[in-house]
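Visitor: The following feature annotations were taken from TrEMBL:
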- 43-294: domain 'G-protein coupled receptors family 1 profile' (DOMAIN)
- 25-49: transmembrane segment (TRANSMEM)
- 61-80: transmembrane segment (TRANSMEM)
- 100-122: transmembrane segment (TRANSMEM)
- 143-168: transmembrane segment (TRANSMEM)
- 199-223: transmembrane segment (TRANSMEM)
- 243-263: transmembrane segment (TRANSMEM)
Amino acid sequence: MSTTNDSNTNSLPFLLTGIPGLEALHMWISIPFCFTYIMTLLGNSMVLLAVRLDKSLHEPMYYFISMLAVIDLIFSTAVVPKMLGVFWLDSRKIGFEACFVQMFFIHTFTAVESGVLLAMSFDRYIAICNPLRYSTILTSSRTIQIGLLSLARGAGVMTPLMCLLTSLPYCRTRVIPHSYCEHMAVVELACADPSVSDLYSLVVATLLVGTDSVFITFSYAMILRSVMRLPSQEARLKALRTCGSHVSIILLFYIGGLLSMYLQMFSFGLAPHVQVLVADFYLTVPPMLNPLIYGIKVKQIQEGIFKLLGWLAGL
């Protein structure tokens, strides 16, 4: 009997509050989120088109940048349209299955992005520390295989977590004090012990982020060591500029992610709407900034975008 009741309860939708305590300001709050989403769509689409149309950009580094653009597009689209629906239309209902699908996409592509950033650090390590073997080590097919492996890893570790979470009975209030189906906010609504899923998510997050960040740090330490050995200052600056955009993206991703996670775990006396806004901006701002950073710091991407704009203007 209880199993049937749990099943019936789990078919009910959840309710998203948006920004708790700031419901009256939702229309104004939606403006920056709408702007960042439009810029995300435009910026990442232009990067993808530039790499696709300019044959000089058909190299591993630009394939990895394209992967980041695809991740950012999926990431944002999984979150922002529903968020804007809450802000604009008060469309707070989200189905039980839809809630966990959204959560799956958020966590899976966070893991995929971490894997791609690790691959990019390896790419820069080979390009700077072992340039003569670069074209033989990182072929186009191997680059695609690395991207698919990152996707498989992300989906592989997140699928068991989603199975654990969906098997829990959610028989308390259905209100999620958030703008999207944030993991910890949803788990708090369960009326059974979520310790197994909590332990699994903690172990997976620690292993993924910890392992990736250690290897990324090691790669850039070796890069810095090699750069400092270059004979001319001009060569050193050129190598550092090449890595500058990657380091900026890495810091934005990991520092923003850790800040958002810790604010969700520990309130530090902050108001709930501050915690939610930090989490929302973490999911929406980096996908907008990533193509801007590459457009500014990577000359070839910049030139490719200018060629694309020139081609579009000539239509």
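Sequential numbering from 1, following the chain as shown.
Every residue gets a Cβ built from N, Cα and C, even glycine.
All annotation found in TrEMBL is predicted automatically rather than curated by experts.
So where do these features actually land, and what's packed around them?
Guide: Long-range Cβ contacts of the transmembrane segment (25-49) within its own chain (Cβ-Cβ under 8 Å, at least 6 residues beyond either end) map to 18-19, 65-66, 69-70, 72-73, 76, 80-81, 83-84, 86-88, 90, 280, 284-285, 287-288, 290-292, 294-295, 301, 305, 308.
Long-range Cβ contacts of the transmembrane segment (61-80) within its own chain (Cβ-Cβ under 8 Å, at least 6 residues beyond either end) map to 33, 36-37, 40-41, 44-45, 47-48, 51-52, 102, 105-106, 109-110, 112-113, 116-117, 119-120, 123-124, 127, 140, 143-144, 147, 150, 179-180, 249, 283-284, 286-287, 290-291, 294, 298, 300-301.
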Visitor: Establish whether the number of Cβ pairs under 8 Å between the transmembrane segment (243-263) and the transmembrane segment (143-168) reaches at least three, counting only pairs separated by 6 or more residues.
Guide: no
Visitor: Looking only at residues six or more beyond either end of the transmembrane segment (100-122), which have a C-beta under 8 A from one in the stretch?
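Guide: Same-chain contacts beyond the ends: 61, 64-65, 67-68, 71, 74-75, 78-79, 82, 94, 143, 146-147, 149-151, 153-155, 157-159, 161-162, 165-166, 180-183, 186, 208-209, 212, 215-216, 219-220, 246, 249-250, 253, 257, 283.
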